[in-house]
Amino acid sequence: MEAGGVEVKEGVKRVLVVDDSPVDRRVAQLLLSSNSCAGSFHVIAVDSAKKAMEVLGLKDGEEQQAIDMVLTDYSMPEMTGYDLLKAIKALNLLKPIPVVVMSSENEPQRINRCLNAGAEDFIIKPLQSKDVQRIRSCCAARPKGSASAPCDAVSKRTLPLPSDQLAAAPASGRPGHLTGVAMVLRSSRADWLSQYLPLLFKLVLMAYAVVCLGELLHRWSSGGGRSLSL
């Protein structure tokens, strides 16, 4: 969890990402902080709904941080994203915090349950770059008393699938997690090269020097042996 004392520029939205999966948290951080939307989001990431409650000041004695939107996973141990959603919406503030729920399972009942509880959107994981605009559009808090209508793109992304497609759909989100892992690896490639390339270059030079020294010793020993035989 990032420190609450970080200064955020004007116009930058503070997004609280809540997910118990390190890969999914990292994917969300990379997408929301990418160059394509630089300056739009300041990401604070936590690994549980309970920690999110602390950040939001929903626990007694906790100092509240200014958060513009919550992006939470649905399935988490101890306290689910749905429970967190209900706790946030129960505050009944003049400007309630927008909440977007994520899940690797495309279940219509789950989607409707969250939307009826006040979620601004429901996104199927893994999070993709095209979802960033949906999240940005949900950052604007709705006026008090407005309907719990989702953002524009939710109806296209989360409509119940036909029965034949549901039968063919994978039972778990493992392919999505593999996609997320690949995204993290690609994004980390540049950092890895900048950190380890100089060390690798030094190792190559050392190996070359050892080879050259070995060749010189071999020639010297061969020359010395011929001089002794004469």
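Start at 1 and count along the chain as shown; that gives each residue its number.
Keep in mind that glycine also has a Cβ here, set from the backbone N, Cα and C atoms.
Pulled from TrEMBL:
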type: DOMAIN; residues: 14-140; note: domain 'Response regulatory'
type: MOD_RES; residues: Asp73; note: 4-aspartylphosphate
Counts of helix, strand and coil residues, the domain 'Response regulatory' (14-140), according to DSSP: 48 helix, 25 strand, 54 coil
Set of same-chain residues at least 6 away whose C-beta sits under 8 angstroms from Asp73 (4-aspartylphosphate): Val18, Asp19, Asp20, Ser21, Asp24, Gly81, Val101, Met102, Ser103, Lys125
Local confidence of the prediction over the domain 'Response regulatory' (14-140), expressed as mean pLDDT: 87
